[in-house]
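Participant: A single structure is presented below for examination.
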Amino acid sequence: MEDKFDLSSARLVVVKIGSTLVLDRETSGIRSSWLESLTEDVSRLLTRGQQVVLVSSGAVAIGSTIVDRLATYSQVSHKQAAAALGQVQLTHAYSESLKRHGLQVAQLLMGRGDLVDPAHRLNTRAVLLRLIDLGAVPLVNENDTTATCGTRVGDNDRLAAWIAEIINADLLILLSNVDGLFMKDPRNNPLTPMLTEVESITREIEAMATQSVDPYSSGGMISKIEAGKIAMNAGCRMIIANGTRSHPLYAIESGGPSTHFIPVARDRV
């Protein structure tokens, strides 16, 4: 039986934006008009009483255009430098776009400890909820500038899922460059069917996931499946949807293609 879901019913929404959505590959700049459409969607949700946290990738991708990227991209120091340079531009772009809707952005850069250490988790929760109460829009990213192997989260899909768990969000939206979860890789199998709902992450579901081939992306569908496990176990619905077109949140609400991960029923606090 198909699960009916109204996005407007979600009180607290975490939206993760992939780097491929933020970066214009032709100009090596930020997709400003697309970002404006996203922040317009965010403003609409806030106006009707919902709360929104943004988790955005893109700092490394943007910064790498400054440090003359791919030849040495895999070297940690170059990636860290790119993150430092790109984060400034990324935050500024969000700030300017949200400001046009009368909204204030608040930047948070996090490491693994902020999400898994009990004391740090409590602090992360308190800060995020306080910013939301103040009417700000939290903009979260991993702190790639200082992260090491032992402190890295690894990808923003799981980071967003942990954020959703920590603040007890009702909905996690992963905006990507694909419509949802397909039974096979649609790049090689264009006619493969897409799942509209996932009620349990089985071995068969895990086998459908592929790793990202994009040099700027950390996870691909594998990390999204892992994010789904975190969200579903926390009682949070997760949606994977294509965010490449304008007004991606409105597109979901209008019935655009997406895959819904149905959460495990549990008491929310």
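In case you wondered, yes, glycine gets a Cβ from its N, Cα and C as well.
So Swiss-Prot lists these for the protein:
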| type | residues | note |
| --- | --- | --- |
| BINDING | Lys16, Ser218, Gly219, Gly220, Met221, Ile222, Ser223, Lys224 | ATP binding site |
| BINDING | Ser57, Asp144, Asn156 | substrate binding site |
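Show me how these features fit into the structure around them.
Facilitator: When other Cβ atoms within 10 Å of the Cβ of Gly220 (ATP binding site) are tallied across all protein chains shown, the result is 20.
Ser57 (substrate binding site) falls within neither a helix nor a strand when secondary structure is assigned with DSSP, and so counts as coil.
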Participant: Over all pairs in Ser57, Asp144, Asn156, the listed substrate binding residues, work out the largest Cα-Cα distance in Å.
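Facilitator: So the binding residues stretch over 11 Å, Cα to Cα.
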Participant: Write out the long-range same-chain contacts of Lys16 (ATP binding site), meaning residues 6 or more apart in sequence whose Cβ is under 8 Å from its Cβ.
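Facilitator: Expected: Leu54, Val55, Ser56, Ser57, Asn156, Asp157, Leu159, Ala160, Leu172, Ile173, Leu174, Leu175.
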Participant: Would you count the other CB atoms within 10 A of the CB of Ile222 (ATP binding site), including those on all shown protein chains?
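Facilitator: I count 16 other Cβ atoms within 10 Å of it.
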Participant: Can you tell me how far the Cα of Gly220 (ATP binding site) sits from the Cα of Asp144 (substrate binding site), in Å?
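Facilitator: Cα to Cα, Gly220 (ATP binding site) and Asp144 (substrate binding site) are separated by 18 Å.
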Participant: Using Cβ atoms only, which residues of the same chain lie under 8 Å from Asp144 (substrate binding site) while being at least 6 residues apart in sequence?
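Facilitator: Counting only residues 6 or more apart in sequence, the Cβ neighbours of Asp144 (substrate binding site) under 8 Å are Ala59, Val60, Lys79, Gln80, Ala83, Arg152.
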